[in-house]
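These come from TrEMBL:
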- B:131-170: domain 'BSD' (DOMAIN)
- B:196-248: domain 'BSD' (DOMAIN)
- B:248-288: region 'Disordered' (REGION)
- B:276-288: compositional bias 'Basic and acidic residues' (COMPBIAS)
- B:367-392: region 'Disordered' (REGION)
- B:368-392: compositional bias 'Low complexity' (COMPBIAS)
- B:420-447: region 'Disordered' (REGION)
- B:420-437: compositional bias 'Low complexity' (COMPBIAS)
Amino acid sequence: MAEEDDSSLLVLLVETHARLWSMLSPEQSAGSSQPPALSGTGYLTQVLAFVNTFLMLNEANRVAIFATDTADSHLLYQSPSLQNPTGRKRPGLVPASAAAETLGHLVTLLEQEPSSTEPQPGPVLSAALSRALCFIHKAQHGAAAPSKDRPRPRILCLHGSPDEPSQYIAIMNAIFAAQKHEVVIDACMVADVDSAFLQQAAHLTHGVYLHPTKRAALLQHLLSVFMCDTFSRSFLRLPKATGVDFRASCFCHKRLIDLGFVCSVCLSIFCQASSECTTCGTSFVMARSPASKRKAVSPPS
Amino acid sequence: MALDPGADEERDTPLLVKRCMCMLPDKRKVPGVLTLSRLHIQWLPNNPATAQPLKLATSSIAGALQRAKGKPMVRIPTVPDAAIFELECEADRDAVVELLQPVVAQVQAKGKQVAGAAPRLHQGPDAARKQALLTEHKDLGAVYQQLVLSGLLTEAEFWASRMHLLRAGPPGGTRQQRSGISSAMLAAGQPTADGRVDRVTFQLTPDIMRQIFMEKPHVQRAYQDNVPHKLTEKEFFQRYFKHQLVKQMEQRRQAAGGAPAHSAEDEDELFSQRQGDAEQLQREASARIKRVDPTVNVAADTYDALGEGFGLPGKESGASTQQAAPNSLFQDLNRHGAVVLDGAGDVLLANQATATEVAEAIERARQARQASARNGSGGASSSQQAWQRRAGSALEDLRSAATGDWAELNIKDPRRYFDTASASAGGTPAAAQTPAAGGPGGGDRQSVLAGLRQAEAQGRPDPIIPPRAAAEVLQELSQAEARQDELAAAAETSLLAPMQASLRQTAMTCNELLRHFWSCFPANTAARQDKATRLQKALTDQYRTTETMVGQAIGTDRTMISGLMRPVQQALDAAFDKYDGEQAQWRASKRHAAMPATQPISQRPTLPA
């Protein structure tokens, strides 16, 4: 590999929420040759194949994999050089064990997960994003290499569950932090639903939001769209977002709203007009509109 | 969304059809048929070979219709020249005139209105800037022309969303610079003498007056106390300069080593500094010292006081009198420096011509400064903190511009904020939307685990994805890309330039209208509802325009135009949906408001079903 090639530091957020398995198609028997849809096992094995390919593409590529769960995000794998940034680089090290190591951790994780029938809260995407950002920050600043030689950071969210409006603020904060640190957030939806939050994340950080139609061949989508580094993307015709769902969720009830009220001081979003901002305490003195004055003066007609 | 595509056609339906002769410019009379509609006057010759058909727009009628006496003729004055028709009888002629008269009146009234409205354009302080923007940005001008001049939007509404353009100021940057004061001190108040006559002349300009009053508050006070009831302005300044002259000569004599010829009658008591003056100056000085950044306040406290031995060969005798003279000079110098540095305040920017005005303005400024100093004394600690922060880093202008300031997240009442958040987070709608874990038809964790174990033991399936599926994906990705760019590129090459321009214009108009439409929500006042209704009607017209554009095009142009206009139409549809939904709500709320029992039933507004 030539030295001047751009390398990437990819943080992969793989959703392993219990609800996701039910949204994907049931497992196929080994004999059937044509999978009609993406199954849970297919999803994970294809992601692992993508990781292996990614690591083999460029020797300097780094990867960290987090599993996003109900309450936590678990580190499944990180490239050896990320663990020991100051250690000497061993040229020609084949990272073939990455997929195997990840698979082992995944199995352990799924075994440990308590199986409960009661409905659980959605995956903590906000926490996973924050953790990924912290991880990237640590890796970038701990690295001995000068800043121009450091791998370009990027987060790829493989997500299937619908948005949790309660995580809106945290996710937006993570997006803004990523924007500030020039971390690209990509998103690939593996189930039927679209995610407004991830659309906004990709839009704001100049990433790619992909909701593939033929999800059975997820690996091909991943290889075609998310494999190359962020610099090379400018030469490629990547799928453009047809539109971004810019809806926000209100701070008061965490509802997804398209029209709302915004505090003029702290820009908090509310679904109902109120006399006081619950975030910053600003009281809104409502000037009486001419219409209401008229109403007050003249008898109701 | 119910559209009425026939509105224009309706206006163009024939209202009256009469047999008539048309007088051609060469005085020939050609028989034909006259057809009148609201928009057009059309005449067709019976024999197409005899004359050209005539079609006039009613809007082109330039004056009143003229009837001929005794003959069934009518002259219709249009812009290039008049059309003269001879009908079969006077009754027919009168019918034509009666029909046309209101249309003509309407057209003329509209013309007057437009002519009257033109000078009222661009009101307010930014009028020139607005005009410049409209001429500079052609697109903006076109949208303005279409929406504001046609009365769809008001001037204020149009500019409300473009305040940033107005605020940016003219590109040339004619911002007025703060004017300062001349730092030349000694030139002011220097006498000129021609040497022949024993007379010295002082030149006095408003600037010099201002300088005197600002640097010598006691002179200003004397002026305000004595002018005009005791002295005239001229007398006052004569006395002042005489006093100055005496003082200067005294100083010169002292410098030459002469004995001080100081006597009571030489000193004009009018200009003597009072006891309080020095203290007042001292107070002001110490207040200023407090306002000065302590990090650069190098020995500011030493102020004017100059001890012995500052380049002054101190003589044992008369040291006290000698010291007084330089001290007063240094005081004057410092005072002058302070005044120049303070600059001419905003109050002094206006040109005050007379000494009285100058004196009053200075007095006002001084009082304002004192008031603000009194108010600002409480904030000393915060400014101290700011100085310390600044001193901790570097001098401000040596640093690059701050890239981003971190604002502290200040939640006023955390308990209340987080309580509402957690209370509402309990019943997340997302949880209800999705099927429960392990529901029918879906896989579950156990099967995934089994699949993974199998993969761990036996290796992953080979191939991981079927090649055919992969090929399909590749094809889809590349084709989708091609399709997206194809349309725009093809449209650019194959559509005619005027067509492109009109499409662009329509799209821009729609965007502008939509922006105003959406800003009407939440429509909680009657005014907003009215505006939304008004804009919805305008949007309906635009929708019709896009449909006609698509409808009129043929062949490949049609697909291209429809493809280009689709986003606009989708946006319009979204607006119409919103409007319909809102309208239902307004009706419901109106019905609700109309319900109270106090209201007489007869007065209840009739509601559309």
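Note: Cβ is positioned from N, Cα and C throughout, glycine not excepted.
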The compositional bias 'Basic and acidic residues' (B:276-288) - residue tally per DSSP class, helix then strand then coil: 13 helix, 0 strand, 0 coil
Per-state residue totals over the domain 'BSD' (B:131-170) - DSSP helix, strand, coil: 27 helix, 0 strand, 13 coil
The domain 'BSD' (B:131-170) [mean pLDDT, rounded to integer]: 78
The domain 'BSD' (B:196-248) - residue tally per DSSP class, helix then strand then coil: 36 helix, 2 strand, 15 coil
